[in-house]
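J.: Copied straight from Swiss-Prot:
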type	residues	note
COMPBIAS	22-39	compositional bias 'Basic and acidic residues'
COMPBIAS	62-76	compositional bias 'Basic and acidic residues'
COMPBIAS	93-103	compositional bias 'Basic residues'
COMPBIAS	104-114	compositional bias 'Basic and acidic residues'
COMPBIAS	148-161	compositional bias 'Polar residues'
COMPBIAS	165-182	compositional bias 'Basic and acidic residues'
INTRAMEM	459-479	intramembrane segment
INTRAMEM	648-668	intramembrane segment
REGION	1-188	region 'Disordered'
REGION	789-902	region 'Disordered'
TOPO_DOM	1-242	topological domain 'Cytoplasmic'
TOPO_DOM	264-291	topological domain 'Lumenal'
TOPO_DOM	313-458	topological domain 'Cytoplasmic'
TOPO_DOM	480-544	topological domain 'Cytoplasmic'
TOPO_DOM	566-580	topological domain 'Lumenal'
TOPO_DOM	602-647	topological domain 'Cytoplasmic'
TOPO_DOM	669-953	topological domain 'Cytoplasmic'
TRANSMEM	243-263	transmembrane segment
TRANSMEM	292-312	transmembrane segment
TRANSMEM	545-565	transmembrane segment
TRANSMEM	581-601	transmembrane segment
Amino acid sequence: MMTSNILSRFLPPNGSPSVYETIRHHDATSDSSDVEERAGLTLEDGSGEHYSDRELEDAMTDAERSRLLDPDDAFIRRKSPRKASVAGPSKSNSRHRHSGRPRWAHDASPGHDFEDGDDDVPASLLVEGHHDDDDDDLKSRLPPPPTSHFTPDNRQTSLPGPSTRGDRARWRAAREQQPLHHADRRRAPAVRWSLGQPNLNTVDPKEKAMWMWANVENLDNFLKDVYTYFLGNGIWSILLNRVLSLLTFAFVIGFTTFLTNCIDYHKVRGSKTLNDILIEQCTTKMSLSSTFLLWLLTLFWIGKAFQCLLDIRRLKHMHDFYYYLLGVSDTDIQTISWQEVVSRLMTLRDANPATAGAVSARHRKFMGSQSKQRMDAHDIANRLMRKENYLIALINKDILDLTLPIPFLRNKQLFSQTLEWNINLCIMDYVFNEQGQVRTLFLKDTHRKALSEGLRRRFIFAGIMNIFVAPFIVVYFMMHYFFRYFNEYKKNPSQIGSRQYTPLAEWKFREFNELWHLFERRINMSYPFASRYVDQFPKDKTVQVAGFVAFVSGALASVLALASIVDPELFLGFEITHDRTVLFYLGVFGSVWAVARGLVPEETTVFDPEYALLEVINYTHYAPSHWKGRLHSDEVRREFAELYQMKIVIFLEEILSMIFTPFILWFNLPKCSDRLIDFFREFTVHVDGMGYLCSFAVFDFKKGTNVINQGDRREPARQDLRADYFSTKDGKMLASYYGFLDNYGANHRGSHPATRRQFHPPPAFPTLGSPPAGEMGTIGDRLDQTQTRHGLAGPFMGQQSVFGPSRYGPTGLGDHASPAPSILLDPHHQPSTSGFRGTSRAAAFPRYRSSRAHPPTSGTIADGDESPVATGGSDPSRPAANAAGASSAGGVGTSDSNLGDSWRMNLAEDVDDDNTEGGENVDAIAGGAGVLGLIQQLQRVNKDTRGRTAVGL
């Protein structure tokens, strides 16, 4: 009885279908894109059959066969349901259509049966003319199939007629009077584009690459292959990497087996040669568990090697795609930028009619989420990071409970590589289908309880599986880490204290739609600044002890080294302790001295942790709200140190995580099941041609930064709760928006080098060009300037920024880069010229203040709906930055002064902007003002300079 009660907690009740059966049934009966399904536009036959994305490809390939079969003939095929019914239901329901006819030419359902026994005119003559026009347009834009060196036999395809005898007779009479096809067209061979076509091996590689590009079924998987090929630096580098990985795995397993089973360690002390301690035929004397494990790992290695061989063909296809269609060779792929690859993909999309527009209007509904028209930089990033964007949002919104379920470690978060694998297995593979799309079942609240219960069981099952797999993984990782880093630590013992970001920190720092290589570049540039920040804090007690240990160990090592130099033959064999010679103690004291010396900072290091952390934040873009005003505190340092730990500690946590991961999967994550199901339902949006995406990853370029409604002021509490729930924390979305525009901005190929960030290593002390903390404003001012109630926060202001010229630069000057459209974004993704205006809620303490009042503008024409405050003067109740932005919003023309702040990424007030000078025309001033004009300009400059302070100059 007790056993049945326990099992009933994990098994579904009797008589109710499993959640997986419900998901499979829903996936089988629902279209991949449910926009048409929800709108009631899905085409169905009498049996309720749905269409798949493959049907569009069949429709396109059969258009070539229209040289033999007219659209009228396809219509006549649909007029014979009785003939199809005679063959039996087994053939009609078979998934393999031997007739070669696509389902879009299916038999008409009873609701659409136009056949009537009293009709005097053949059904083919009742077809409207627009079908011919539609298919003719399709055929005109379709590329020719790849040519072959041989021609198949010409065959005449019989044209099916109506089902009744009278209609068949009338049909023959109509054909005699008006033939539908010419004889030469009837004798033309019907070439069908298919992956199984044998003549593809003999075609030209370029035409074959173009054909494969035109027949891509899953655009997400194809773009992932393109990106993986880019990261792998070509086919030969990828193959070499995989071969070396296989050899590394084989060496670790083989060498570990040799060390544990083939050496008799009891004979080591008295033996002189290796043969004295070797065990003969050691593999036959291995234990049963060791033999089973060795065979299991051997089979795994063989499977990986076989998979590597199978991938050669796919890599060759990708090599041809890069070389022939994108014009990128294996030597150039190591130096070309991803932005250039995206640009060439967009050019290929526009140049290839089969992918750009060779789809008729009646077939576009089949495209679903595989539209190649939606393939600019934003769409490609969303496709590549469809799952990663959800995980970034889960980490940002703290949906996952990653704390250890241990009483004395409940405040410790654990997120290792092993736990990440389990999360992808339990959550992502559960929510996404085989095509990489979110299952529409998760978007309906009617199945919330069943889906949540299924997710909870997946967590528990994964925890059980980790118990059996963990011992093998622990042994492998320990041996691999030992073989890899022991020699490095032996040569340079100070590397033991080297640090790197934890896996949890990487997911916290990563932004939406930020590809891995761009994120890795940004994070790698932050390492020098992060190490400098950690070393900034005073460690007086540790420094004193480390200095003493370094002095003692260095003195002992120096004496032993000097004695060995005087008489090396005698002294190197001298035993200081039993069986411990001078050489042994030289290694010990030298290692201790190196470690202790590494803990002592340089004497010339200037202590300024606040400035050092600002430099780190400029790269990581991570600044929690509770850090405001506390960057100098030790609490912030400890919190940052948890994200930036020593490599040896990260490795130990990875090993321990294999023990603690089952407990997290059993006790913590099942409690988050309801929140996880709600998260995917509430933060998923559908984009036409793309499918379902994370709502945070769909940037509204037209609205820019003003994407959050300020709400009703009469209910501030309710507005804040709802806005906080549907927004990201710590300004993640705005930082992602800015970062994306900087990575894929206008002319990213280097025509404007001033917009590219130059990397400089951290100085030993703040440079003379950096203002002191007092002149830069307080930390609270900086946080208030960049953070708002709704989470619209950008990175901290500092002297340097990975976004090119700092938007919040210490001088307070605006970014005068041109708002030219990006060539990597389609027109509907181009940033709006009014997308960067400040929100209605400004900072409580503006960071940059001008000591003089802005004169009213006189040279601009304001819109009729603008208030007098926006067009002239200043209102003390409104922020100065918003007033400045509004004063230039109604200008006309295309000059800098008329564009105003709409395209600028600087949220601070521009003290030296041209608009503050009364809106004068620069061309009029520079072009022949005369002596009097120059005198007036000089007087104006002297008048303005008197009121300025040293801030911002």
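For all residues, glycine too, the Cβ spot is worked out from N, Cα and C.
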J.: Below 8 angstroms Cβ to Cβ, which residues of this chain, lying six or more residues outside the transmembrane segment (243-263), approach it?
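T.: Residues 277-279, 282-283, 285-286, 290, 294, 297, 301, 304-305, 308, 475-476, 479-480, 483.
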J.: Mark yes when the transmembrane segment (292-312) and the transmembrane segment (545-565) have three or more Cβ pairs under 8 Å (sequence separation 6 or more) and no when they do not.
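T.: When sequence-distant Cβ pairs are counted, the transmembrane segment (292-312) does not touch the transmembrane segment (545-565), since fewer than 3 lie under 8 Å.
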J.: Using a Cβ cut-off of under 8 Å, list the residues of the same chain at least 6 residues beyond the topological domain 'Lumenal' (264-291) that approach it.
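T.: Residues 257-258 contact the topological domain 'Lumenal' (264-291) from elsewhere in the chain.
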J.: Other than its close neighbours in sequence, what residues sit by the topological domain 'Lumenal' (566-580), given a CB gap under 8 Å and a spacing of at least six beyond its ends?
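T.: None.
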